[in-house]
């Protein structure tokens, strides 16, 4: 695999579907010739007379076209995804993280962060100013939402079209290097979200070059990328090299794979298995753990099983069932995909087994779904869980957070359930202080017709789900983006500050009781009363008692020292604990 294209071959491009390619670099044209390559990788072009080393703006003229297209492996696109690439090889940065030893996933806490809305400036340098805050909060990994090149000036990042570049609005690759280096100096790992299931609609020049997409084979997000058809060897290498770019050249500690349930690959060796092997190989070479995590709604534990038992060997995968069970328990919402999660028996099952649907019938899907996790092949820490994330907030009609409709007590209960679970917790930025700002779906397509179609499609999508179309914000309106930016001043006021202190106490509790993340599936003891609205579970050294109702409850046999209470009105009297409505307590068992 080619991590960095350097020397005379740095401008090579794969374009098997064209008959002529001309490299345009700093205004000069360099005719390219086809290279002789091994079977499966035919279609590479090279320029025998190429520009000298140094910063060069360049692109490619295909089949006599007078408008150049950028390189698919562009490290920099200073003028956006429709314009010339700029060389960035080798990366001119002196890393200072030689003493960084990395982190394994087990026992850690992840913080999801979108660069553009995390601060008023929306840059990596500005986000870097929050590192000490995250250390104080007790975070281990910062998971950055995609930073790759996309159409327009602001976007979630999941419709990227230039996977090798860092969006210039965030500061470009130099700012990215500074951010990762500073994170490591602060003791924080970095996980980079990537999207390998589709490409965005505009700025995507792959179809002009070769069979990179499976035309007519769309997933729910767009045309599927070509991972198993004719000519797919090179695109698979493109993906593997991209993952190696982040964990190698950019020193990140892990990669988060977006929506792997939308990755279409019918080869005998799935691309995720190849990625798992790549991560292990780089870990072996560097001596640093490289954490690969899959977002998946398949409830298929094969993702985290070892490769020697036909698994993919990833370090972790999401359990959306945990989010849904907690959401229903604290909010009472039971429509749509929340419909199977109404009983506390569901939350109890998820706490013990990781999934609700592990082969059971899903009424939302209209079919049976998932499979059980074999406890001899995976442990609960391999499941990444949350009570909110970018999808679960942003894909609601108004992008509303739990904090915009729930009380302090309900938010506190959700926090306790998440941060004392046997899984790996993930927070979404601002959750820890109950941010009142929404996180809405926003785009900035410069093409009016695409912007209009995006807005209309969003409204129709929520109309079908029963939402009032009048409440759905226009993703193209700049105010939709601006509304989604965090207001950090909230964190020091009222219940926001109170909730933040609770989160800090909970992260400290996890550090003081590492056995919370050292259980096997089925080992968490859980009891509950649906009618009374309480649930209690015992992850080894502590017992967690939760009141999920509007009435006060008294729980007997509550032995042990009180380690944490979300409300001062939760007195422990001998072996009895009184829980006020919507509160929780943690005892040393």
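Glycine is treated like the rest: Cβ placed from N, Cα and C.
Copied from Swiss-Prot, the annotated features are:
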type: BINDING; residues: 256-261, 320-324, 390-395; note: substrate binding site
type: ACT_SITE; residues: 258; note: active site, nucleophile
type: ACT_SITE; residues: 295; note: active site, proton donor
type: SITE; residues: 391; note: site 'Transition state stabilizer'
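A map of Swiss-Prot features onto the structure.
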residue : record                    : CB count, 10 Å
256     : substrate binding site    : 25
258     : active site, nucleophile  : 22
259     : substrate binding site    : 20
295     : active site, proton donor : 20
320     : substrate binding site    : 22
323     : substrate binding site    : 22
391     : substrate binding site    : 20
394     : substrate binding site    : 20
Margin query: For residue 258 (active site, nucleophile), which of the listed binding-site residues (320, 323, 394) have their CA atom within 10 A of its CA?
Written below: none
Note to self: Return only the integer: C-alpha distance in Å from residue 391 (substrate binding site) to the residue listed as 'active site, proton donor'.
What the structure shows: 11
Notebook entry, point to check: Taking the Cα atoms as reference points, how far is residue 323 (substrate binding site) from residue 295 (active site, proton donor) in Å?
Noted result: 13
Note to self: Need this for a regression test: binding-site residues 256, 259, 320, 394, filtered to those with Cα within 10 Å of the residue listed as 'active site, proton donor'. What's left?
What the structure shows: 256, 259, 320
Margin query: Please report the three-state DSSP label of residue 391 (substrate binding site).
Written below: helix
